[in-house]
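J.: Below is one structure. I have some questions about it.
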Amino acid sequence: MPRVLSSKSTLLGVLTGVTLLVSFKLADASTFALIADLENGTIYRGYLSQNLADLTPLPLNGVMRPVAVDYDPVEGMVYWTDQRSESAPKICRAHLDGSNQTTVVGDLTDPGGMALDVASRMLYWTDGALAHIGRARMDGTGSKEILLSENHYNPKGIVVDSVHGHIFWSDWGENPRIERADLDGNNRRIVVQGGLSYPSSVTIDFNGNSLYWIDAIHDTIETSDLSGSNRRLVANLTVYSLSFPFDLAVYGDYVYWTEWGMYPTILRVHLDGRGAETIGPSIFQMPGGIHIQEEEEVDSTPPVVTGCPNEGVFKAVPLGYTSANVTWTPPTASDDSGMASVTMSSNRVPGQSFNLGRTHVQYNFTDAAGNQAFCDFVVTVSAVDSTNPTISCPPTIVRYVRSATQQLPVSWQFPTASDDSGNQPTITSTPNYPTSSGTFGAGMHSVTYLARDGAGNQASCILTINIILDSRIPTITGCPGRTIAVLPPGSSSVAVSWTEPVGADDNGVVNMTRSHRPGNTFTLGNATVTYTFTDQAGNQATCRFTVSVSRGDVTNPVISCPPTIVRYVRTATQQLSVSWPSPTASDDSGIQPTITSTPNYPTPSGTFGAGMHSVVYSARDEAGNQASCTLWINIILDSQAPTMAGCPGTTVVSTGNRSVDVSWTEPVSIDANGVVNMTRSHRPGDRFAVGDTFVRYTFTDRAGNQATCTFTVRVVAGCLLTPDQFDHLEVVSGQQSVYLPGESVQLTCQDGYQLSGSASRFCRSDLTWSGEPAVCVQQGEPMGGTVVGFGAGASGVLLLILLLLVVIFLIRRRKKTRVRAPDLAITAQITTQGDLGIYDNPQPVYETVVRGAAAPPPKEEETALSEVKPPLPSTPTPGYPPPSYEYAHADRHNYNLPPTYIPME
């Protein structure tokens, strides 16, 4: 961005601010300014004599974001950088009327600053994105050349000092600074640093040989001489409430700059910092680079030559040489026009061969007006001692430290040196170590020794000191365990041997120390043997073991294992956790033996599957005697449920009350593996209410297999009638154990008795009988205490009627069963199969016979397996009536097994 315009005007700079218009110094009518606007893509031209009020845009095409601007008075062309072109950022040029617009340098990344070296026809630019400074020919021919490039580098403004052959540039990277180098990039050095943040532009005032720059963060304009000395503040823009200046130029007594603050505009301030003012119309959106150009005057002054080696150039060659290649720094020339339009010619150039003796060299400098200046000097080549001495440094020194902060003193032999002159060369070191010793931390260090002879010839060598960080201890292998020895009879000591441990380290040598050696003698008792391994860094590893010397012991210890453990699993894949008491062991030495197990169980517990398992415990005493015992763990696979017997069927109980105590014979169960645990929902003798009650017995074996017995207790409430308990009274029809409300019974008396009371009775809802109690009274006895008298005729008729009744009674009596068969109820036999648990047993179909005749089949909802039919009992005893069977309802939760018959009272 900073630019040099002419010998009487300079520019380049960055600043920010807005201020009052105070005064204005008239400029030459031919002096004009070029100003780029980054936002609207326009480059304006206006004359200082008009206070830039006549700013007009140059007729350029396709300009998108012009940043830096400069002018070539030789060809009358304006140059600018375009950061946002249709293809890629580039540098362009054109005549002021817009003709011959071309791209000079293309395919750039972030071209910011730009400066022209009009004399040498070279173009320089900065690229902040690529962190380099490049140059090319002003006409665009040839290739781009990168002069300077490095990481963490962000060059911005650049200016060419063709008078002294330098380029200056500002950098706002990690270390903000202003630097200088030769036009070819060599001899780079920092000119200004410290107190900088964003030195975004730099320029030169050739009239005052001063350097000016602007800091966009500090909002300041500063100056110094071209070496960076005599630095001072020109203006603090914050005083004027200005912010973010962009580019600056120096012309006459003023510094001009473009400003991006609240009111984008052009401003200027006097070189001594007085009178900040705005200039030009407010037409800018984002004013960027500024360049001030003054028309040249007639030049009659020759160039000024600097750097001429008037004292001559001297070159020494070894004896016997007749010539030598000689180099020197070429002189330079500047012209009072301020533009480096000076051409140079010479009869010799640096690097050519010169014979022994004196050779005249001449440089001729000509400016654009034809004015000339000369530089004459003599190159002298003489034969002198040019043989370098020899020097030898000690070999690389390797040492070790244990921590990153440790400092280690190191000493070494002083280097040896010799020279063909026979004189001892002078030896110096870098860094300087007056004595051949120093202190070093972890890392690679070098000491350069330089030997110089009397003729100035020198040679060097480098001593390398490698301090290795080693915080790892050596590795020990083969550390013995407890070593046991027995005293021979009658001896107080015994020689004990062992295989010594070995230490190794990743950095080589390991030093070993030990308290005892194999073959040393040991007395009765325990002795500790220690091996210590130390690496070169001082890290240590230790091996310790005990040598135990005892008198002869040949008695084995005693060990006792727990008894066999038996557990059960239900599947072959089941794993069972088992724990047991630890074995006990003792030894006649009084020392507790060491107990180990095979397989190894650190705690007396483990997980086992089905099968027989063994754990062998070994007890070893101090003398090495040992005894063992075996713990057996038997995991039995039991997938069979317990076997049950005597599971009752449905039990029907009649009662004249609302509840009744019910008893039954409890089922029993056995298992192939012994103990069976029984749980039940009810006990015999429990009281049951009217209705069906579900009773469950569950039998569980040691493996967890279960068998279940379920049956129903049915309590029926009704009126009871037990004819056998009444003398001579019998049931004619409807005999049953219980009569439900609404059911009736017909009663009669045996022969020779007559009925007193109600012969037909029915059960009422309150479970009481209707009518009068029935009583059989022997015939001839008074009935009810009432005697009824009849006449003679009547007596005969009555007797006949009585005889007829007796005959009918005897016939009916003979048809009755005097010996009653026991009632039968059908119940289920319970068996279990496999590892099944509870079985749902659908009801079977029964064939029942009442007084020898087949009974109707059960209702449909009581039938599930039609193919299951219980066998009937055997044929009744001859001469007796067939038994009657009473149907007992089976519960639908009983097991699906055939029923059988059991008699019921």
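Quick reminder: no glycine exception, Cβ is built from N, Cα and C everywhere.
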J.: According to TrEMBL, region 'Disordered' applies to one of these ranges: 174-200, 579-605. Which one is it?
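T.: Here TrEMBL associates region 'Disordered' with the stretch 579-605.
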J.: State the disulphide partner of CYS776 as given in TrEMBL, choosing from CYS749, CYS763.
T.: CYS749
J.: Near the Cβ of CYS749 (disulfide bond), how many other Cβ atoms are there if near means within 10 Å?
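T.: There are 22 such Cβ atoms around CYS749 (disulfide bond).
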J.: Averaged over the domain 'HYR' (469-551), what pLDDT does the prediction give?
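T.: The answer is 92, the mean pLDDT of the model over that range.
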J.: Please work out the number of neighbouring Cβ atoms within 10 Å of the Cβ of CYS776 (disulfide bond), leaving out its own Cβ.
T.: 20
J.: Go ahead and report the DSSP secondary structure tallies for the domain 'HYR' (637-717): helix first, then strand, then coil.
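T.: DSSP classes over the domain 'HYR' (637-717) add up to 0 helix, 48 strand, 33 coil.
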J.: In the domain 'HYR' (298-383), how many residues does DSSP assign to helix, to strand and to coil?
T.: 0 helix, 45 strand, 41 coil
J.: Looking only at the domain 'HYR' (469-551), what are its DSSP counts of helix, strand and coil residues?
T.: 0 helix, 46 strand, 37 coil
